[in-house]
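Pulled from Swiss-Prot:
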DISULFID  CYS127-CYS194  disulfide bond
DISULFID  CYS172-CYS223  disulfide bond
CARBOHYD  ASN107  N-linked glycosylation site
SIGNAL    1-5  signal peptide
Amino acid sequence: SCMKAAPMKEVSIRGQGSLAYPGLRTQGNLGTLGGPNDATRGLTSLADTFEHVIEELLDEQQVIQPSKENKDADLYSSRVMLSSQVPLEPPLLFLLEEYKNYLDAANMSMRVRRHSDPARRGELSVCDSTSEWVTAAEKKTAVDMSGATVTVLEKVPVPKGQLKQYFYETKCSSKGYAKEGCRGIDKRYWNSQCRTTQSYVRALTMDNKKRVGWRFIRIDTSC
């Protein structure tokens, strides 16, 4: 996010950030996870209803405000994956964003779509960012919704073994305009700063009383 900057409509620069879908909730528990056949059936079912689910998520109008103490935190988003190996693709969150852009362009003429292509207009993001999957071993601790520091568990037990928790984090790039201010902002009139912001995601954690449970924690999700 670009702090203390001119309105984007005045500088014609498109910023990038994470989309949040408050209607997206984790359902079920670890006991519902089965073997490979169960996973295959689950993926098939998801594929059959993928478009319908996306439409519902995009139509979700509920807004959940972060607490005043966590004013740098965004809404809930899904950036957590349980896997035996490092995920090769970004999470569903980014697929939803791409699909929304497709829907927005579907009602445009070909001529308008051509001119709406950022590459044709020479648009750049206001702030440069980097995204990558990180493990709980790299995070170690995080802040939950109550402001308490909790330990992020590296592995999640399942009926047939253990899976690692992976978090898809996005933060401001250490190179480029991060130190010089936001791209496209006239430095003669405005002071600006690229700053990493956070969102809440659900993860398996342990508090200082050794109680293990699923809690919403803050991770880096946009710049």
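Here the Cβ of each residue, glycine as well, is placed from N, Cα and C on the backbone.
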Checking the disulfide-bonded residues CYS127, CYS172, CYS194, CYS223 for other Cβ atoms within 10 Å of each Cβ, the smallest tally belongs to CYS172
If I take the alpha carbons of CYS172 (disulfide bond) and CYS194 (disulfide bond), what is the distance between them in whole Å? 7
Under DSSP, is CYS194 (disulfide bond) part of a helix or a strand, or is it coil? strand
Which whole-number value in Å describes the distance between the Cα atoms of CYS223 (disulfide bond) and CYS127 (disulfide bond)? 6
